[in-house]
Amino acid sequence: MSARKLQVEIEKTFKKVTDGIAIFDEVYEKLSASNSVSQKEKLEGDLKTQIKKLQRLRDQIKTWASSNDIKDKKALLENRRLIEAKMEEFKAVEREMKIKAFSKEGLSIASKLDPKEKEKQDTIQWISNAVEELERQAELIEAEAESLKATFKRGKKDLSKLSHLSELESRIERHKWHQDKLELIMRRLENSQISPEAVNDIQEDIMYYVECSQSEDFAEDENLYDELNLDEASASYDAERSGRSSSSSHSPSPSASSSSSSENLLQDKAEAEEKVSADASVQDIAEKESLDADKELATNDQEDDEEENQAETQKDGAISNNENMQSEVQTTNPSASTSAVTNITKPTLIQNPSTPLSVSNSKVASPETPNATHTAPKVEMRYASAAAAAAAALAKESPSHHYIMQQVRPETPNSPRLNSTVIQSKWDSLGHTASPKMQTQPVRSVSQSSATTETNVKPTKEENADVPVSSPDYLKDLVNALNTSKEQHKGAIDKEKLTEALNISCVYVPDATDAAKPQYYIPKDPYPVPHYYPQQPLPLFDSSEMTELVDPDTLFYMFYYRPGTYQQYIAGQELKKQSWRFHKKYTTWFQRHEEPKMITDEFESGSYRYFDFEGDWVQRKKADFRFTYQYLEDDDDWTR
């Protein structure tokens, strides 16, 4: 008996829910069609009253759904879902009513949509509703399947229950398949890859499946989505996604790149060690041969013309050897080669400080004694290789020094004398003016030039310490540059005087205000007054704080009788803060007397106050006035 009473109570509640939803829909339609603000507020109150009744019924339904006395809870869940849907609609109405009609957001909402865009949005909306309905049905079927599984007994199989369970599972899979298709249609609609008309053509078939798929005599259309070619779209989407994943898999990993970089570093280090060892061996050989060349300097007094011709022939051979060996030496480290050649030339300068540089290096290029004819090719070969290494490094570092090497010419007997100390001092001056990397290159250039040029040394008894050598053009240029730099340093300005002059010049640096011309006050109606009266207006009249303290009549006076001044600008800004708006057609300030009766995208109409500045200088009221937004002075300020 109690179960029957409970069932009657549930049916009464369902009837109340149906009636309440019908009343809610009726009030909602009236609210959507209304244009009056006051009427909308009244209808919103009616909606709120009705939704509260539905919420109480929803709480009762939730209580019954949670109890175990009722076996079939499908109707309870359905009515609860309907009430919750109406609650969501009421929330949307509340958000819309909170937006003011004359605000920016309100005007943007009221903007008209394109008909095609509106049709697309409507199509997306009903597809979304269909997906939600299928999701709800799938949840109910899953709940039924779970309850059916709970009735199975251990060790016993009921074939009828099993067949019913398999039927439920197939229906769930079919629902999910349709959900995927509908979601794909929505995605293609949003991307404008399919027209809304093509989707609306199959709307009836889709809604037939959504509403009648649970009936016994339902016949499903297997070719429902064939007209939309969704299989090709899904295949292209899957191919694009797989392409992105494959491209990401082909990218090298950080660990692989780091391992390859470490292997490259180890390989470079090994090559550098091999180059250093090779350069060291070349350096040792060059030092030994330079000592042998110094010992043979004593035999240079017995030279004749025949030996000079022989020296020319050997010089040509040394140059050819230099060219042949240059390709092999170029692979060595330039820095190591520089140090090696520097070490070759320095012992000669130290052992014989009074001997010219050309004397110490002449035998390197052309030994002239008959006893040294067998060892000369070896000496020239080794010195040529060292000189080629220096030339390769020098050509990489500085083209100017390569040009200096080419400027060296054979000396003549009538050339002026230049001892080694003078040459060393000039190279030192070159080192001071050059960069640190290039400081060792001049010495290297001298050794190379001495190895590739012909030198004829004929010392006499009177020339014990100084030997005539050629003065190349590049040395003359260096001497001139050195003298010029010394003269410039002598006439340099003292740092203290320079700082003092700079500070004095900064005192008169022009300011940003110097760019604008000063605007002096010129009275409109000048009248002679005593000097103790103010000759200019107070700065207070040009401040926005003053406009906040005066009444609107004063603001109107400042606006109309101070044209083109800053006072007119601040008066207009203050009037806008007080909800006054300027009409450009009538050149009059208007203010809303009440809420407008009608608001559109182009105008609004209602009762307004305006200031009569041409007549009686008073505020007047004008009813049923249409304010066109075209003549509004500032749309942003008006909608703020």
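Each residue, glycine too, has its Cβ placed from N, Cα and C.
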Tell me which residue from Tyr225, Tyr474, Tyr566, Tyr608 Swiss-Prot records as phosphotyrosine. Tyr474
Between Ser366, Ser415, the phosphoserine label in Swiss-Prot belongs to Ser366
If you average pLDDT over the coiled coil (287-331), what do you get? 49
